[in-house]
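Residues or ranges marked as region 'Disordered' by TrEMBL: 1-22, 63-121. Annotation comment: TrEMBL describes 9-70 as domain 'J'. The feature compositional bias 'Basic residues' is assigned by TrEMBL to 108-117.
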Amino acid sequence: MTDSPADATPYEVLGVRATADDDELRRAYRRAARESHPDLGGDARRFRQVQIAWERIGTPAARRAYDAGSRGSSGQGASGPTGSSAWRPDSGRDAYAPPAARRDSRPRARSHGHPGGRSREVFLQAEREWVGLGDPIEDPYDPTLIRSAPRHIRRLLAEALAEEATASIIAEMGIGVTVWHDLDAGAEGKLDHAVLTPSGLWAVESIDWGAPVRVEHGEIAGETLAPGERPVKELVRAARAVQKQTRVKFTGRLLVVPDSAVDEDVQVVGSPRKPTALVVRRSALGQVLNGVWSPEGSVDVFELRDRLQQTVRFV
């Protein structure tokens, strides 16, 4: 389990409703632990999920804290750009709400557009339809409300948080970097980020499925992907649409995922000599954008930035 809103809640892991009483919760835990125990033919990863779920809601005090919005001490935070949680509070509504403006004086990357903006709009609309159009929502980022929402709605919020985490990393790279967020890709929807550095121009998607994923036959595979979802293909199409619109060629395409989603910092999709895309852990994004995986040579940053400023459109 992770702290991502896209991940299964402890109640979902144990197979009970959030309103289950303590006895029902204990029975569900014993059943899940027995079925998943490796010594009894179960899966070790699933067994670990059950243990984390029980740590979070297995006692009345822990359950009250979780229901009130605490993330607990288990699992890996949804977290900060490089594995810390400094960029976003660990609990309560602020863990899900749009981030507050930074007030430090350090030079930051030039930024255009609104990271996570469209994803938050889609999430809020879906949440409103789920609650009921006539029912008031006092706080759309109330942790209790979010955790009770269907998983596909929580996934929408997780996407916004992922985009904001990527934006936070890029902002820290300094004034030599320029980034455009939420680019209009026409019929292909949107491209999350276009990042211009001295090493190249990168098409970037930020995604969080709330569970581990893997590269398989040139695509991303995992238990929590939606039926028919093809992230690599969707990234390629969105990048091509932006290229056609701006007449600027991308150096490469990146799929940025939480550190807990993959086992390696960077995984190549396609041929190593000419990758279709790179799957990049969030904590390794800065290294990739700084040129570790870029072709030899540099780009004319000023020319590319001027062209993009004149031609790029936002959703």
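Cβ atoms are placed via backbone N, Cα and C, with glycine included.
Here the region 'Disordered' (1-22) is broken down by DSSP into helix, strand and coil counts: 6 helix, 1 strand, 15 coil. Across the compositional bias 'Basic residues' (108-117), the DSSP tally of helix, strand and coil residues reads 1 helix, 3 strand, 6 coil.
Per-residue pLDDT, averaged along the domain 'J' (9-70), amounts to 93 for this model.
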